[in-house]
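Taken straight from TrEMBL:
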type	residues	note
DISULFID	C56-C61	disulfide bond
BINDING	R152, T154, W165, S225, H228, R260	FAD binding site
ACT_SITE	C367	active site, nucleophile
DISULFID	C367-C370	disulfide bond
ACT_SITE	C370	active site
Amino acid sequence: LTGVLDDCLCDIESIDDFNTFKIFPKIQKLQERDYFRYYKVNLKRPCPFWADDGHCSIKDCHVEPCPESKIPVGIKAGSSNKYSKAANNSKELEDCEQANKLGAVNSTLSNQSKEAFIDWARYDDSQDHFCELDDERSPDAQYVDLLLNPERYTGYKGPSAWRVWNSIYEENCFKPRSVYRPLNPLAPSRGGLHLTIYFIFTGESFYTWLEGLCLEKRVFYKLISGLHASINLHLCANYLLEETWGKPRWGPNVKEFTRRFDPVETKGEGPRRLKNLYFLYLIELRALSKVAPYFERSVVDLYTGNGHEDAESKALLLDIFRDTKSFHMHFDEKSMFAGDKKGAKSLKEEFRLHFKNISRIMDCVGCDKCRLWGKLQTQGLGTALKILFSEKEIQSLPENSPSKGFQLTRQEIVALVNAFGRLSTSIRELQNFKVLLQQTR
């Protein structure tokens, strides 16, 4: 991959260098901070679009939550001040962690974290534009430690997985019914229906049509394609290579990467998808640079209850914002929705509703780990879009009082940072695969 990206004035090599030497090391550290490592999610919401086929039974997908008696009372109570410090002792925590094998989502938290969550719930303000958020007060919503539940290959595939991606592309990307998008030619006659999760569209006729769309609709497709490519890269880079005597070994799978992205294997599709990954990176990078004034105000804290850690987390976040501002080839979002006011407003609303629908489709993912990271990354992108479409509100924020025109909840902030962290990791992993491919030739 080389050269300038479509609909941008930015080249791939500049993004690679910027990400490798400035962003990636810092965003990795930020994701390890307490404020950003815990994400509240409801993995039990029913699919709103079709009958649930049931969750997959693969152990790497399975969630085996702690018994009710071991869930910290402070987390279950939400914003309530009542909690018991004795709810979890160290032995119970060990038992709970042991029960969550490989891909299980680990909802165990420390007593210190329990106290912080009670204050976080009070600190948040519920407001959302582009995603349908989980109700944090639901008894099915739980805090998850993202560091204990990394995104990786789980073996989730088949008709259920195919249906999710097919619904995202076919029903939510802007497309008249007269335009035919052929599915992966390998499916279903040659390789099974599940293979279509990897490659949804082929054919130059589709791209000829796509280039004829307005910028906004092309951007929407590229964002979804870029997210799809990024998720596939994570699975290739953190693949279950072998499991000997119950000790799994995870690592990069070059063969799987080639199958999903090689130009010959994908009939030219792979490089297009990877370019869309870079495009998505630029969009979220632009959002980070735009939202900096919101966090630069003294009234905004990354509040966990630990003053020293909170100050360090905010300093690191502001340092990342300075780096994003220094990038000299940002995507120009002002070129979007720039037509007549009535038409632009209508298109923006359609854009928002399409994306919100995609966030709801994440509740149809049968693998709990895949659902967790799918919901987080779509919410992160939705938050980025909310930021880009709220420039005037951000610029007029009061310095020393809570903002009314623009507000981010803690969930949105956590999703924004972790979703961009996933994109940064994808681009870094792409560099690793380039090296591995050279070694295998």
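Cβ coordinates come from backbone N, Cα and C, glycine included.
Here the features listed in TrEMBL are placed on the structure.
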residue	record	Cβ neighbours (10 Å)
R152	FAD binding site	20
T154	FAD binding site	20
W165	FAD binding site	19
S225	FAD binding site	23
H228	FAD binding site	21
R260	FAD binding site	22
C367	active site, nucleophile	24
C370	disulfide bond	23
Taking R152, T154, W165, S225, H228, R260 as the record's FAD-binding set, what's the max Cα pairwise distance in Å, rounded to a whole number?
21
Report, in whole Å, the straight Cα-to-Cα distance of C370 (disulfide bond) from R152 (FAD binding site).
8
Checking the contact step here: among the binding-site residues T154, W165, S225, H228, R260, which have a Cα within 10 Å of the Cα of the residue listed as 'active site, nucleophile'?
T154
Binding-site residues T154, S225, R260: which have a Cα within 10 Å of C370 (disulfide bond)?
T154
